[in-house]
């Protein structure tokens with residue numbers, strides 16, 4: 001630099017500003033002022049340096065320069081004043097901007113001055129009304145006529161206010177002024193009409209009038225059509241643009257790809273691939289990060305995660321939007337682990353910090369995976385950054401994570417910390433307490449929400465309906481049904497979902513009358529979920545005939561429908577129909593899932609069909625089902641079909657065993673009289689720290705009873721209350737009574753029954769009566785029978801047992817009395833029935849029945865065996 005050559009310095013400062021090297025310009029200007037008191041910049045240098053201040057938002061320097069301008073007497077300089085006005089406007093110092101604009105020495109005849117003020121005010125929504133007022137002042141003053149730049153500044157404010165009348169007034173001025181063919185004014189008008197919903201007629205008309213359409217014109221029209229739901233028109237216009245002279249830019253691609261994603265899956269993918277191919281042919285688009293981000297988002301929306309991944313890793317440079325797009329893609333497509341892994345990659349780079357979009361995208365993955373540790377780590381990251389902690393969406397997502405991980409109180413604490421609670425906040429915490437069935441807390445929160453004037457939406461209504469259904473409170477379901485009618489929830493866009501939820505709630509509560517009324521009221525609005533909900537209600541009631549009537553009338557079914565029908569037949573002693581339905585299901589090319597097999601396994605045990613059970617087992621292996629409950633059900637089925645060895649293999653091969661698996665294995669051993677094995681498994685379970693429940697205690701006691709292990713059984717029985725702090729159930733008392741009775745301790749069993757803290761039921765007295773018959777305790781049997789007949793007077797089996805007890809003791813008068821009682825009550829003993837599967841065919845035998853086609857061979861063989869048994873043994 002030449003020492004003291006201030007003119008050269010001024011030229012250099014202006015050159016740096018013109019070249020957008022604003023920080024260098026400010027640095028040189030600051031050095032010049034500090035080093036040389038004689039440095040006196042002219043108005044052109046001051047205007048340039050004020051422009052640099054506006055670009056880098058150097059407000060303090062801008063204020064200082066304003067003072068300097070006043071001291072030098074440049075306040076009357078039009079160039080300097082415009083530069084000051086622009087600096088205040090661009091830096092958001094609108095009060096200073098207005099004061100300077102109102103200053104008498106500032107010229108109001110130059111439209112640029114007005115445009116600077118309008119541009120500054122339009123940058124903030126709170127000044128929208130002032131923008132319109134200043135524009136009217138400019139128009140009416142006559143000092144300076146609005147230009148196309150003025151129009152382009154004011155029209156976006158009209159669009160933001162949705163003030164179509166004001167927009168049309170501006171349009172009228174544009175026509176009068178001859179700006180309708182101007183590209184800048186035309187683009188602004190086009191965008192205003194599109195945002196105000198006038199895209200089909202007015203926006204199109206403006207677009208046609210623009211003589212020299214630039215890329216902004218096309219982009220505004222395409223975006224306007226897309227925003228107003230005219231997606232096919234938007235795509236057609238894009239195709240026309242590609243064929244014309246004006247080539248799409250990055251904004252065009254970003255606008256059109258979401259349009260493609262909204263089409264049917266196959267069409268969407270084909271259109272998106274064509275656009276991707278077009279991008280590959282344009283080098284400037286290919287290297288643009290925003291274009292790559294738009295392509296990633298498109299592939300995510302159409303479910304093509306492999307394409308999205310390939311696009312992401314091929315990018316030369318990625319911004320936070322890129323990372324957010326792919327993370328959101330993983331979570332929206334259920335690839336939770338990949339989302340968490342990618343977040344780890346992002347954090348490890350230490351170049352980009354996760355923002356609110358990242359956090360809101362990743363927290364659902366933590367919730368779905370029940371990964372509380374990761375959720376807490378993200379919570380800590382958010383807590384250290386106030387701008388994230390104040391974000392309501394993040395707070396809501398954290399509430400959901402804690403709730404899904406079963407930590408309801410932590411979820412409530414997080415909810416209480418959300419400073420600006422919205423409806424999603426309330427829906428999240430209500431859902432959390434609803435899932436846990438916390439009746440009082442749920443209702444308390446609901447009342448508080450209503451008290452604060454927050455109006456429930458369809459999500460709230462659905463949460464309340466599910467809560468009422470889970471508690472089987474039909475009265476509450478009626479209340480929310482009534483509210484849904486009054487609030488209009490049953491006529492809104494979400495009405496079908498609410499209708500189905502209410503119908504399902506009535507079904508779950510067993511009120512099929514109301515469920516049926518809703519079903520018939522829906523008429524043509526019924527869908528698959530409606531029918532499934534009603535069938536589910538009939539399944540719960542065990543009414544397979546009613547369920548089949550709905551099923552037969554359905555034009556469309558899914559796997560849930562078939563599973564419900566298989567289950568209702570399986571649970572209501574119709575095994576053949578259940579098996580037939582599974583074969584029909586496969587004939588419809590629907591693949592059975594774990595639930596189908598779970599419903600079919602009890603059928604195998606009902607039919608004692610080892611062949612069907614083997615088929616189910618093979619299907620489970622081929623389908624790679626890893627459900628623990630399914631394994632437990634398979635194990636139980638093998639045990640009940642008499643193949644305890646296979647049951648044991650399944651048990652031993654399971655790396656993770658839960659309470660269901662242990663219960664099934666112990667029950668299987670108990671059924672086969674293998675008490676020692678059952679007790680060994682039970683002890684192993686306790687050593688693993690698995691807490692027993694009432695079902696497994698009943699199974700263990702049954703094993704002890706069948707094997708006559710009285711002392712072991714009593715020890716386990718007394719441990720229920722003393723060690724495990726549980727009250728014994730009626731079934732467990734029945735097991736102990738049977739245990740004592742089988743051990744010949746009849747009077748001790750009777751004493752236990754009379755000292756029970758709960759009143760004995762018919763099953764328990766019946767067990768004791770059978771024991772009296774076995775051990776010829778006639779008098780005690782008579783006393784027990786009297787108690788039994790008071791509770792259950794019409795069970796023919798009890799009378800038969802008492803009659804046999806009298807007959808065994810030659811008490812024929814007692815036998816006659818019992819038979820007389822049976823005649824008076826018109827009770828008849830049903831014929832005994834048994835069946836066996838031989839070569840995949842069920843053979844059924846009823847006492848006194850001679851209908852079996854091979855009865856001669858069967859009875860002949862039985863006679864031979866009987867004779868051989870009676871022959872004396874020879875040693």
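Just so it is clear, glycine is given a Cβ too, placed from its N, Cα and C backbone atoms.
Database features (TrEMBL):
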type	residues	note
REPEAT	110-145	repeat 'PPR'
REPEAT	214-248	repeat 'PPR'
REPEAT	319-353	repeat 'PPR'
REPEAT	422-456	repeat 'PPR'
REPEAT	495-525	repeat 'PPR'
REPEAT	558-592	repeat 'PPR'
REPEAT	658-692	repeat 'PPR'
REPEAT	693-727	repeat 'PPR'
Residues in the repeat 'PPR' (422-456) per DSSP class, helix first, strand next, coil last, are 26 helix, 0 strand, 9 coil
What mean pLDDT score does the repeat 'PPR' (110-145) have in the model?
75
Using DSSP, how many residues in the repeat 'PPR' (658-692) fall into helix, strand and coil?
26 helix, 0 strand, 9 coil
Across the repeat 'PPR' (693-727), what are the DSSP residue counts per state (helix, strand, coil)?
27 helix, 0 strand, 8 coil
